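First the structure, in the form of structure tokens, and then the observations on it.
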Amino acid sequence: MGHHCCSKQKVKRGLWSPEEDEKLIRHITTHGHGCWSSVTKLAGLQRCGKSCRLRWINYLRPDLRRGSFTEQEERTIIDVHRILGNRWAQIAKHLPDPKTHISSLIHGRYGR
């Protein structure tokens, strides 16, 4: 089995609470993120640095675009997928506004 990043620490796992989200948002908007392993301590969270980084990047950062693809984005995704296959991170680079959750959005809509 893989080595978990926080296996030697007492950390909270599972769903994030609104209070934890607020602590992370407040800390990063005030101080920036820098080293993620120190963010968790400085923000007063009982999470590992990797968990904080993933929460910020995938859910909390203010520039994260949510919603549907435009018709042009859909055409681009389909065209580039024909060339690159299931290389979703590479496909995202061809969009004018790449989305973090592109692979899950595409898998849900177009299948694997």
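Keep in mind that glycine also has a Cβ here, set from the backbone N, Cα and C atoms.
As given in TrEMBL:
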- 8-64: domain 'HTH myb-type' (DOMAIN)
- 8-60: domain 'Myb-like' (DOMAIN)
- 61-112: domain 'Myb-like' (DOMAIN)
- 65-112: domain 'HTH myb-type' (DOMAIN)
Determine how many residues of the domain 'Myb-like' (8-60) DSSP places in helix, in strand and in coil.
33 helix, 0 strand, 20 coil
Restricting attention to the domain 'HTH myb-type' (65-112), give the mean pLDDT.
77
